[in-house]
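Taken verbatim from TrEMBL:
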- 21-266: domain 'G-protein coupled receptors family 1 profile' (DOMAIN)
- 6-30: transmembrane segment (TRANSMEM)
- 42-64: transmembrane segment (TRANSMEM)
- 76-97: transmembrane segment (TRANSMEM)
- 118-137: transmembrane segment (TRANSMEM)
- 213-235: transmembrane segment (TRANSMEM)
- 247-268: transmembrane segment (TRANSMEM)
Amino acid sequence: MVENIAMIAFFTFILVFGVSGNATVVIVYLTNKKLRKHFIATISLALFGTFGSMFYSISLYQYLIDENMTGITCNLIGFALSTLAVGTIHQLALLSYERYLATVHPFTLRRCTIQHKLLAVAFTVLCTLCTTIPPLIGWSRKIRSALQIILPSSPTFARWIDDDPQCPFLGNSSVRSNISFKRSVGSNTSVQQSIGHFSAQRDRTFQRRLTRIVLAAILTFMVSWTPYAILAVIWQFVGNEIPPRKYILTSVCFAKASVVWNPIIYGLNDRQFRVRFMMFARSSIRLGSLMGRDERRSEEHHHTFIERGTEL
């Protein structure tokens, strides 16, 4: 009972703040032409967080009705979680490479148009879907015999495949996550070292701030997903039994909470984001007040017209 209440509160928090926070990042950067060109990768990262958070409503529904997910629902949740994780890794790697170009090869980045950046984002999305769609459509059934041929003397591995068809995919994602993280952190380290070559103090400060934001996004993602990746590796290659439920729930909660960190990071560290957000909020409030005033005026005019008709 206590577990259900805690998980309902957790998924409600993720659903509300994950969707609203990431959608705010998308709207603020997308509505400004200058920011839209420079933050294409950030917008795509926020879109991943928005749609990934929406899928958590299924998990919330599961705990509300107090039933375990099976069949297509379980597969969809696994697909959404895997797509969110792998897609975020690819987008963070793209952000890191963009920061590298901005500091080491600034003129190369300036020649990149918005179409080039959109193509890069589309390529990362395609790579993500090529990784996460095969398990959804029955990838394990097609390679089960091949894996048993490759590893004929591993009954434990065969039992893992029988128990969970997606477990080899989880291990593959964990290894690729560690490789991508090392490449991303290495790129950001080289960025920090190359910043000193800039002569203009303003450019130096601007590039350092953006690099620090991207590095914070990478580190928070690593902190969120590392327990889940470690548990998956231990489950497949070290342990012989399924880990205790409390460890699984804890690692999953850490991983799913990753969708709320990026809006907080950009909200606290990016001055342009805060300025644009305040302008967007003020314009929305002003538009709402004007619409309310027009409605009141139309209602007053309507009542006055009715009263005059009654007097006549």
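Positions of Cβ are set from backbone N, Cα and C atoms, glycine also.
Automatic prediction, not curation, is the source of TrEMBL annotations.
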The transmembrane segment (42-64) versus listed stretches 6-30, 76-97, 118-137, 213-235, 247-268: most Cβ pairs under 8 Å = 6-30
Model confidence for the domain 'G-protein coupled receptors family 1 profile' (21-266), as mean pLDDT, reads 70
